[in-house]
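Annotation source TrEMBL lists repeat 'PPR' at 132-166, 233-267, 268-302, 303-337, 338-372, 405-439, 440-470, 475-509, 510-544, 545-579.
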Amino acid sequence: MLWRCTWTSFFSAPKRIFSALPLVSHRYLSSHTVCVSVTQKTQKIFPENLDPDFPKGSKVILSHCSVHCTLLNCSSDLIALSFFLWCAKQPNFFHDRVAIEHMVGVVSRLVERYKTVKGVVWELGKLGCVAKARTFLLLLRICWRGGMNNLILEVFEEMSSYGFTPNTFARNVIIDVLFKIGRADLAMKVLRETEVPNFLTFNIALCNLCRLKDLFLIRETFRMMLQMGFYSNLETHEMVLNCFCKMGKIVEAYQVLGLMIAFGTPASVNIWSILIDGFCRLGRFDTAVELLGKMVEIGLSPTVVTYTSLIRGFLKSHMVSDASLILHLMESRGCTPDLVFCNVLIDCLTKLGRCDDAVDVFLDMLRRKIAPDSYTFCSLLSPICLSGMFSLAPKLVSGILVEADQKLCNSLLSYLCKAGFPCLAIKLYDDMLDRGLRPDEYTFAALLSGLCRSRKIDQAINVYHWIVMNYPTQDPHIHTIVVDGLIKAGKFHGAIRVFRKAVADGYPLDVISYTVAIHGLFKGGRIGEACSLYDRMKEVGIAPNAYTYNVMLSSFCKEKDVKKVQWILQEIISARIKLNYDNFSRLFSFLHSSCHSNSVIGLLVEMRNLDLIPARVMHVLNGHVRVVKVDEYSYNLLEGYLDSDLLVDTSGSEDHSDVVASVG
């Protein structure tokens, strides 16, 4: 919102204030200092000190353009920092924002090279640049501009170690950083101990406290500020008022408004809009509408921000007709909707289940040439998918001609495939390429998984072959998606062909890839090949995981193959893997129906001792173990290690559910 933008821009004002100090107009530097080439020697940068040919007593004339040009052409970052510090010592010269921002990268690289701020200061000393208070103040200013909070604390500490007393500027920086890193207690301590604070000191504190919504400390800081004779400007009043209104503290908001009146500060359109938004948040719409009327009476024109607050409030309270009246009022007064207004409308309408109306707002945005952003599409995608109104997909995609980022396009690809519009998804993919967006693994994953889920297997295979041909270095996930899609479509042999070709072509595959392929072989009735692939996976250095063992044990139990069950249980014990509850249920069902369960009982006891049996399995129904066909000794052994309440649930979930979750 507009008032949020005002708050944000004002919050960054401290940096701009310091970089916009009054500057004296100068001519360009002489030939000794203008745009020093990287091939020139260091002494050419500091003519009056180091160059013997520089006329004694000559006055150096600096300009921002020449200084920045020289910084760009310095032969090293250390020399650039030395030159920057030297320029700052010259009479009537102050570095501008461009130079400060350039030095952010320079200082960052220097600290990375010399490990610490102390190391950088030491290297400066070797060049004859003696550390002074100004050195640390400039470093603070650079790090503050770059948001390098850890370095700011380090500079501050190093400054103290040299015996320099931090001035108000340095303390302002530290207050801001301490708030930013979550140490509001220390920030307030520094604020209270600052002997000569200025307006900026309190403004920094108020900005951060409003962000933290700390009502008590906002009051304290505001009181301290007034007691020391500093009066808030309009921007500060707006910031604090906005904070109170968002917190629902209308009484406190009116107190701020009273201070504004007492100080003679006129109420701006933003102030009125903030108050209207505050009452809308509290559901006091009568007061909000009354304020809108008074605002017009005194000659102030409500902005789109004002109307946005009212319409959002009405829609969130399901007062659609009232919101419609405000919308007509807004249009009658010639107030033009903006992106935020449209996004709010779309978001509120979709949450009310009025997806058609939301799409109409979206199409109206395109007619008005208001470019949608990621928030616009995200607001539309989720509710349309949840409501199953996939018929709206073509309307939605008609707006994709606007600029969209990579993440948004990936989401839309997945959505279109789920909605049953694979052709539109492929068209969107082509549009991405035409717009110069480079597809990534998420793009391919969204497209392939969407096509597979919509049972467009042939199209998925064609897209997959095109991907691996043009982008051969793909993540294992891409191959796994296609194999899994073929298995779910019942095309087990096709799945194995794709997997084997991926192996033969040397594509990277992981344990999930192998597990999905093993599952496909079991589904296709090729048990021997599944066991061979399991052995092959271990040979190439890929360790099976719980998913792998769950798939194999489930399949062997279904086949009632005692030897294979015994073998895979031994593998599980060796790997110290705890199986899931469903597979143990299947295992007990297998034991009920098997006449050769004695060999398995000992393995179960061993797994019990190794804590590889799920806790849910340890509650056995009374007498249930008796139905297991084992001899008396094995029964007693099993009963001794298992509780008397085993709840055997043979229904279980799909044996491949864990793998599916991983492939997703």
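Each residue, glycine too, has its Cβ placed from N, Cα and C.
Curation does not apply to TrEMBL; its annotations are automatic.
Remote same-chain residues near the repeat 'PPR' (510-544) are listed as 476-477, 479-480, 483-484, 486-487, 492-493, 495-496, 499, 502, 551-552, 555, 559, 561, 564, 571, 575, 656, 659, 662-663 (criterion: CB distance under 8 Å, separation of at least six residues from the stretch ends). Within its own chain, the repeat 'PPR' (132-166) is flanked in space by residues 15, 18-19, 84-85, 88-89, 95, 97, 100-101, 103-105, 107-108, 111, 116-118, 121, 124, 173-174, 176-177, 180-181, which lie at least six positions past its ends and keep a Cβ under 8 Å from the stretch. Summarised as a single figure, the pLDDT of the repeat 'PPR' (405-439) averages 73. Per-class residue totals from DSSP over the repeat 'PPR' (405-439), listed helix then strand then coil: 26 helix, 0 strand, 9 coil.
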